[in-house]
Structures are given as structure tokens and as C-alpha cells.
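Marked as transmembrane segment by TrEMBL: 20-44, 56-86, 92-114, 135-152, 188-209, 230-254, 266-286. Sequence annotations record features per position, and here TrEMBL assigns domain 'G-protein coupled receptors family 1 profile' to 36-284.
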Amino acid sequence: MHNLTELTGNATSHTSLSVIIKVCVVIPFFCVFLCCIVVMLRIFATNRHFLDTSRYILFAYMLINDTLQILSSVILFLLVMCLVTFPTVYCVPLLLLSTSTFMNTTLILATMSLERYVAIIYPLQRPAAWRSDRIWIIILSIWFLSFIFPMIEYSIGERDPAVDILSTPVLCKAIYINSSPIQALFQAAVNILFFAVVSVVILFTYIQILLKTRKMRQDKVSASKAKHTVLLHGFQLLLCMLAFTLPITESIMAPHVSWPPEDIAFFNYFCFILIPRFLSPLIYGFRDQTLRDCFGKTFLCCSNKANPV
């Protein structure tokens, strides 16, 4: 009995240490990401000319969306790691926010590619919807599409009569809330549809800009930059799609490593969800020369304030 108690205590201690390590890895990572995003948003807020350009407005919107996505993802991660349970009525909004912002990213990438296409194909007579003072209409449409499909998914599932959504505590994981086969089928169909449409849009805009570049005799530099920007959106889409490799990587890793299932799940979550989401906006932001210059000035001002002469 003494040995059994000692083994149980050691297992509990190991589990607690594992949870602490995971939390200590995720929280600083999120804080660094949040600091970079806050600096970028501050640059947008203090430089009015950014808000007069549709491309930068869409990029600022992507920063806000990715922040909400990572924030909801980290909150859900911490709740699951600490085995916190609460009624479904409080869990569904968190899962809805996480799912809709994830889908939102793909639509933003498609929209930003289309914006570059419009800017190159119609440089002098841009359609009204793509002007900086009207771009909010497109943004609201993106939000609507991103929310409507997850809401349908949560509505079509069969509810367990033994679970009261107002009082029965549950672990806040999508697999527990969306447990019916029809929900899994609907989610797979929507994800395939979204990524297929966005892939086609990015490919179409890249080919059109490429063809336009060959015909242009002037302003080839702008067209070339637009072409590279669309390629970058394609790379960002690939980063987003890494999230769908989780079941594959988990099945591949399980027979070859001696880690517990929760450690494998954490490794995949960190490598294929957090890091790609962290890199995507930063790669795009630091690639832009204007934003890079503003970053340099911001950090230079901060260093001068920290070290006054």
C-alpha cells in the first residue's frame, strides 16, 4: 500500500510538473507575440497614412483577428491543462471565437490577394468597395461568413439529454461539444470548401498579376511586389493548413516516441498551431519596407527613452 501511494504521488508530481512546464512555455511565447502585435497596431494608430490604404487596413484587421485567435486558443489550452470544467453555455462562445477566427484568417488572405489584384489591374479606377473608406463592408462580410458556419455546426449536433448546458460541467474541448458524426462531416466539408476557394483565389490573382506584369512597360516594380505579396499569402495559407496535420502527426509520432499522449498533443499544438500563427503576421509585417522603417523608429525611440543621454 505504501508503494502504491508513493507511485501515485510520483505520477501526480510528474503530471503537475509537466503542466507547469507547458504553461511556462506557452505564456512567454504568447506575451512576445502580443508585444509585437501591440507595437504594430500602435504604428497603425499613430501614422494616419496607413489607415488611408486598403492593404494596411486589411493587414491591421488580420493582426487583430490573429490576436483573438491565439488568445482564445491559449485560454482553451490553459483550461484543458488545468482540467477546469464549467457548463457548456460558457464553453461554446470560446470555441466559437476560436473556430471563427481560424476560418477568418483564410478569408483575409484571399481578400488581401484580391486587393493586390485590384490595385494592379485597376490602378486608376479602383472599384468603390476596395477603397479605404469602403473596405469595412468587405471586412464585415468576412466576419459574417466566419461566424455563420461555426454557428450552424454547433446547432446541428444531437444533444446528450444527460448534459444540461446550463449546469453540467464539461471539459472545454471541441471533441466533447461537437461529438456527433454529422458535426464532424459538416466541419470537414466547410474546411475543405474554405481552403479550396482561398487556394483558387490566390492562384488566380497570382496568375493574373503575372500576366499583367509581362504586358506592363511601366511600374513593373509595383507589379513585381504585388506578385511576391500574393506568393507570400500562399505561404501563409500553407502555415494555416498545418493545423489540419495534427491527427496525422499524432498517429505518426505515437508508435515512435515514448511520450504520453498529452505531451504529443502539446508538441503538435505548439509546433503546428501556435508557431505558424505567430510567424504569419510577423513575416508579412517585417517584409513591408514602410512597416520595417516604422518598427526601427519605434524601437529607436524606446531605446533612447530607456537610455537618456
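Backbone N, Cα and C atoms are what each Cβ position is placed from, and that goes for glycine too.
Two recorded stretches are said to be in contact when at least 3 C-beta pairs lie under 8 angstroms, sequence spacing 6 or more; the transmembrane segment (266-286) and the transmembrane segment (20-44) meet this definition. With a cut-off of 8 Å on Cβ pairs spaced 6 or more residues apart, the transmembrane segment (135-152) and the transmembrane segment (20-44) reach fewer than 3 such pairs and are scored as not touching. For the transmembrane segment (56-86), same-chain residues at least 6 beyond its ends with a Cβ under 8 Å from one of its own Cβ atoms are 19, 22-23, 26-27, 30, 33-34, 37, 40-41, 44, 50, 94-95, 97-98, 101-102, 104-105, 108-109, 111-112, 115, 132, 135, 139, 169-173, 269, 273-274, 277-278, 280-281, 284-285. Long-range neighbours of the transmembrane segment (20-44) within the same chain, counting only residues 6 or more positions beyond its ends whose Cβ lies under 8 Å from a Cβ of the stretch, are 50-51, 56, 60, 63-64, 66-67, 70-71, 74, 77-78, 81, 266, 270, 274, 278, 281-282, 285, 291, 294-295, 298. Here the transmembrane segment (92-114) has Cβ contacts under 8 Å with residues 55, 58-59, 61-62, 65-66, 68-69, 72-73, 75-76, 138, 142-143, 145-147, 149-151, 153-154, 165, 172, 174, 177, 190-191, 194-195, 197-198, 201-202, 205-206, 229-230, 233, 236-237, 240, 243, 277, 280 of the same chain, all six or more residues outside its ends.
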